[in-house]
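According to TrEMBL, the protein has these features:
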- ARG26, GLU84, ARG123, LYS449: (6S)-5-formyl-5,6,7,8-tetrahydrofolate binding site (BINDING)
- 230-235, 249-255, 274-277: GTP binding site (BINDING)
- ASN230, THR249, VAL251, THR254: K(+) binding site (BINDING)
- SER234, THR255: Mg(2+) binding site (BINDING)
- 220-372: domain 'TrmE-type G' (DOMAIN)
Amino acid sequence: MLAPYARDTIAAVATASGRGAVGIVRVSGPDAFFIAEKLTGRPLPPFRQAALRSCLTENGVVLDQGLLLCFSGPQSFTGEDVVEFQGHGGQQAPLLVWKRFLELGARAAAPGEFSQRAYLNGRLDLAQAEAIADLIDAGSRQAALGAVRSLRGEFSEQVEALRARLTAIRVQVEASVDFVEEDDVDEAAAERMVGELKEILGATRQLLRSAQQGVKLAQGAIVVLAGAPNVGKSSLLNRLAGEDRAIVTPVAGTTRDLLHTDLVVQGMPVQVIDTAGIRDTDDPVEREGVARARRALANADVALLLDTAETPASDQLLVELPASACLLKVRNKIDVSGESPGFDSARNIFAISALTGSGIDILVTEVIRRMGGPGTDETVFTARARQVRALEQCLEALERAHSLAVHATGVELMAEELRQAQEHLGSITGRISADQLLGEIFATFCIGK
């Protein structure tokens, strides 16, 4: 059911500002068709058929000329009556048309309000609505394809399949709470329930892993280059970027601050962070750089610990890493030491030359694999940290429920854990959601979406 504020008619420019061939103004709500007729001074074209129309001021002055399309609710994006005017692009033309819509009674749409109405009217679930924003923000081909898969509902289908299985088990558990006496336990049914819960746990863990990969696909993984001064961290950053992003000199301590570089590597968005060389120093500026390097390591998805034959890595740096981070040891400057490029399994180290590029491809492939890999166009989908947390909470509740089922104790507690697990799943697609959560999600969208 729509909130009261959502029963009015909204309008927004749906295309990005700036120079462009086409500018689209979108209107949705109960008065959309009436306002469009007033705007053009002519009857509306048949639904879903484009017609050439002029947008007129109150005095009949032509503001713009373009295509007018009408979509009748509920068979529209928002589920309401929708009008789109596709006119000329640029800074001014779309704004003139939009302001005229407002003069005729529409209200300026809030960010994400069109998508929010689509969700509230049952045209999209919450995960699909969030995928729209992810598609717009996609920084790589894989991220865009993953967002399309989520938008089509493939992530939601897996979530709902789990919810359906939980519903079936909850029915059994609730029935046992209400109707079965303590000493009248169907052992065969109890064993089946334990087995079913074990299967659901496995499916939930798999979906959680996919969602975690989806977050990295949408937001990008953080790869931190760490090591002592002058081991070639900045040279490696420049090699990965394909251009000079960092200053490289023979002087140790040249890098004093974090240098962030966004890259797309084998289809995966990656933020590579070059850090100051970690060492004890009395220089206050360099000391702050070292502190920032340590903080960057604490947030790393993958850490590349660089050293050279002349400057072997210290194990002290290992304690800087979070338990969840992946560490890869990298021996740089093999063009000087004469070592062979590639992975040395005996020393568990990747040998490279940032100067010549030797061994870089093998290292990059391993970094992507450790990040979860880009997947394939047919399997990858995007996800958000909110959704991952909901799956983690669902998994925790399921594990408690499974433990209770295995020990055949606490049927009422097991019923409660299953209820919580189902609610956490429901929050992903919006089956269970709070108004505050909806506001936070849709506020991050573009205006006109």
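Including glycine, each Cβ sits where the backbone N, Cα and C put it.
Bear in mind that TrEMBL entries carry predicted annotations, made automatically and left uncurated.
Note that the coordinates shown come from a computational prediction; the quantities given were computed from them, not determined experimentally.
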_pLDDT averaged over every residue in the domain 'TrmE-type G' (220-372)_ = 80
_Give me the CA-CA distance between ALA276 (GTP binding site) and ARG123 ((6S)-5-formyl-5,6,7,8-tetrahydrofolate binding site), in Å, as a whole number._
50
*Between LYS233 (GTP binding site) and ARG123 ((6S)-5-formyl-5,6,7,8-tetrahydrofolate binding site), what C-alpha distance do you get in Å?*
49
*Give the number of CB atoms, excluding that of LYS233 (GTP binding site) itself, located within 10 Å of its CB.*
30
*Please classify the secondary structure at GLU84 ((6S)-5-formyl-5,6,7,8-tetrahydrofolate binding site) using three-state DSSP.*
strand
*Cα-Cα distance linking ARG123 ((6S)-5-formyl-5,6,7,8-tetrahydrofolate binding site) and SER234 (Mg(2+) binding site), given in Å to the nearest integer*: 49
*When you measure from the Cβ of GLU84 ((6S)-5-formyl-5,6,7,8-tetrahydrofolate binding site), which residues in the chain that are at least 6 apart have a Cβ under 8 Å away?*
ALA14, ILE24, VAL25, ARG26, VAL27, LEU68, LEU69, PHE71
*So among the binding-site residues ARG26, ARG123, who's got the most Cβ atoms within 10 Å?*
ARG26
